[in-house]
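Peer 1: This structure is in structure tokens; I'll ask about it shortly.
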Amino acid sequence: MSEGPIRVAPHPIAKRVKHGCKTPHVSHIDDYRSQHRETIGHESDKWWAKKAHELLYWDRPFHTVRSGSFENGDIAWFPEGGLNASYNCVDRWAFKHPEKTAIIYEADEPGEGREISYAELLREVCSIANVLKSFGVKKGDTVSVYLPMTWQAIAAFLACARIGAIHSVVFAGFSAEALRDRMQDCKSRVLITSDEGRRGGKAIATKAIADAALKECPAVEKVLVLKRTGNPVPWTEGRDVWWHEAVARVPRYCPPEVMASEDPLFILYTSGSTGKPKGVVHTTGGYLLCAALTVKYVFDVHPDDRFACMADVGWITGHTYIVYGPLAIGVTTTVFESTPVYPTPSRYWETVEKYKLTQFYSAPTAIRLLRRLGHEHVNKHDLSSLRVLGSVGEPINPEAWHWYNEHVGKTECAIVDTFWQTETGSIVVTPFPGAIETKPGAATVPFFGIEPAILEPTTGKVLEGNDVEGVLTIAHPWPSIARTIYGDHQRYLETYMKPYPGYFYTGDGAARDEDGYIWIKGRVDDVINVSGHRLSTAEIESALITHTGVAETAVIGTADELTGQAVYAFVTLKPEFKFDPENEAGLSKELILQVRKIIGPFAAPKRIYIVSDLPKTRSGKIMRRILRKIVAGEADQLGDLSTLADPGIVEVIKEKVASAA
């Protein structure tokens with residue numbers, strides 16, 4: 001695993017943070033160190049209680065700060081406390097400054113967006129909450145949300161939270177089959193969707209996809225449909241209800257339901273190494289606190305800032321840093337419906353200039369794409385409002401980091417390369433803009449309350465000191481850690497708590513350099529990270545195997561200049577399947593479409609190789625390690641092949657890959 005000690009010189013604290021008009025929340029490394037010690041020490045409960053009272057409104061006080069352990073899988077934070085996430089994110093700011101912008105909605109077509117005030121957001125949230133109640137939704141019920149990037153998606157989240165319903169948001173790029181599986185798994189009674197979506201100038205058939213999924217979801221009684229484009233869509237009378245018509249029939253205020261701190265707030269599905277998506281459950285109090293804390297401290301957000309996370313609300317990044325984090329501290333958040341290059345590669349920077357955004361949080365894939373298209377698209381815009389630039393989804397490579405720093409940040413903005421996961425709920429390793437010098441590619445230091453431990457993979461021994469590399473774990477529970485996998489607590493324990501008892505297992509490798517900075521080294525399990533999306537190799541293999549001609553398949557991830565990793569698939573065919581070798585491209589296209597249909601476009605393999613056999617041990621285990629080495633151009637480093645049932649197949653595959661290059 002080790003590539004030798006990491007030696008990278010740090011970059012100084014950014015000028016716009018250090019010498020700007022706003023004093024950073026954490027302004028010196030000594031301040032960071034003392035607070036971090038306080039949050040992991042014997043009296044850390046005092047710090048957490050103080051922050052919980054500072055940042056959140058509690059309807060019912062808590063007396064216990066935390067209980068439970070990794071070993072028992074019974075973690076709880078502020079268990080006696082009662083609160084409502086919707087009230088914390090909307091009502092208190094609507095009462096304090098009703099006309100303040102809550103959401104900047106930048107629609108797909110330039111000029112069609114608008115700003116939504118906290119007062120308007122409160123009315124919409126309450127109206128949708130009352131609509132859901134009229135459908136019979138009550139506390140503890142699950143509502144699925146399959147919406148494009150419209151501002152009403154935020155209202156849907158918060159309407160569920162307001163009445164104590166659990167929202168399960170499904171990314172609107174997922175297929176009908178993926179949506180069906182998630183609705184069935186979480187037992188949804190209601191689906192919220194739209195007639196269509198818009199992205200990059202193209203229509204997305206959201207309602208048609210939802211209808212295909214609903215054919216096998218008889219438990220779904222009502223479908224609330226947002227009119228986004230107004231184009232004709234399939235309709236089922238008695239089940240389907242237009243959003244705007246339903247809102248017109250209900251009261252404009254809905255009192256918030258007081259929820260226990262440990263009541264579920266949402267379920268969000270993430271890829272697992274077994275192929276079956278995991279419904280990760282986050283609870284109300286601890287999750288909301290960490291969302292608020294991290295957006296405030298990691299991005300150095302102040303009350304009049306305008307925060308922009310360019311993710312989709314269908315992923316955890318959107319949940320935490322479009323919806324709950326910014327709104328929990330009463331600042332302006334951004335919903336960006338389009339793509340970085342529509343209608344021109346200046347779209348991001350036009351948006352920054354137009355709304356005077358102060359923080360900008362995006363993925364390395366987007367940064368690499370825009371770098372490739374040229375900095376002239378950036379340089380013609382006034383980006384002087386920006387103070388902090390963020391990166392999320394995967395470690396940002398140094399070339400992209402330097403471009404981001406020089407052309408977007410003008411070498412004056414802080415860059416925070418953040419590490420976290422769906423399961424962590426919020427950022428766990430990150431620079432602090434006013435206190436931590438950064439290194440391109442390094443996640444740097446743990447957030448408050450996070451005590452990372454790098455373990456030797458085989459023995460589980462803690463690797464002390466610097467210049468070490470191993471498996472990244474976390475030593476103690478923190479408030480926003482996921483509490484379970486929906487309907488399968490044993491799988492939760494087996495996945496995160498059992499691999500290294502006493503530690504939370506992230507599934508990522510990590511190194512600690514000579515300065516104690518943490519570097520994320522990528523997945524150590526069978527999960528691929530494509531453009532920040534975690535994809536299970538087993539899930540993609542399962543999609544490929546449904547093709548009538550496929551006998552076996554092996555999927556790997558390999559480095560990709562644009563997307564970080566790309567999906568490559570090796571496929572063997574059934575003997576009886578009639579296949580013309582001259583038409584391999586046609587079959588590959590069929591297989592790619594199969595994956596797009598079953599999972600979604602983002603999971604489509606970049607390359608498919610039709611081969612006569614796969615490298616297997618005598619016991620039948622497919623050696624994906626060998627395939628990864630061949631694709632990476634490291635065929636001379638395959639190591640011992642004596643355990644293979646047919647070592648000769650390696651040469652066949654090498655020739656296949658070389659000829660297709």
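All residue numbers here begin at 1 and follow the chain in the order shown.
The backbone N, Cα and C atoms fix where each Cβ goes, and this holds for glycine too.
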Peer 1: Figure out which of Arg387, Arg523 sits with Gly393, Glu394, Pro395, Asp417, Thr418, Phe419, Trp420, Gln421, Thr422, Asp508, Arg534 in the ATP site per Swiss-Prot.
Peer 2: Arg523
Peer 1: Counting across all protein chains shown, how many other Cβ atoms sit within 10 Å of the Cβ of Thr317 (CoA binding site)?
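Peer 2: Thr317 (CoA binding site) is surrounded by 24 other Cβ atoms within 10 Å.
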Peer 1: Measure from the Cα of Ser531 (CoA binding site) to the Cα of every one of the binding-site residues Gly393, Pro395, Thr418, Trp420, Thr422, then give the nearest.
Peer 2: Gly393
Peer 1: Of the residues named as CoA binders, Arg199, Gly200, Gly201, Lys202, Thr317, Ser531, Arg596, how far apart in Å are the Cα atoms of the most distant pair?
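Peer 2: Max Cα-Cα spread across the CoA binders: 24 Å.
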Peer 1: Measuring Cα to Cα, how many angstrom lie between Gly201 (CoA binding site) and Thr418 (ATP binding site)?
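Peer 2: That separation, Cα to Cα, works out to 31 Å.
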Peer 1: Going along the chain, which residues six or more apart from Arg199 (CoA binding site) have their CB under 8 A from its CB?
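Peer 2: Same-chain residues close to Arg199 (CoA binding site) (Cβ under 8 Å, separated by 6 or more) are Asp108, Pro148, Met149, Glu337, Ser338, Thr339, Tyr342.
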Peer 1: Which ones, of the binding-site residues Gly200, Lys202, Thr317, Arg596, have a Cα no more than 10 Å from the Cα of Thr422 (ATP binding site)?
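Peer 2: Within 10 Å of Thr422 (ATP binding site): Thr317.
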Peer 1: Using the alpha carbons only, what distance in Å do you get between Gly200 (CoA binding site) and Gly393 (ATP binding site) once rounded?
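Peer 2: Distance (Cα to Cα, whole Å): 22 Å.
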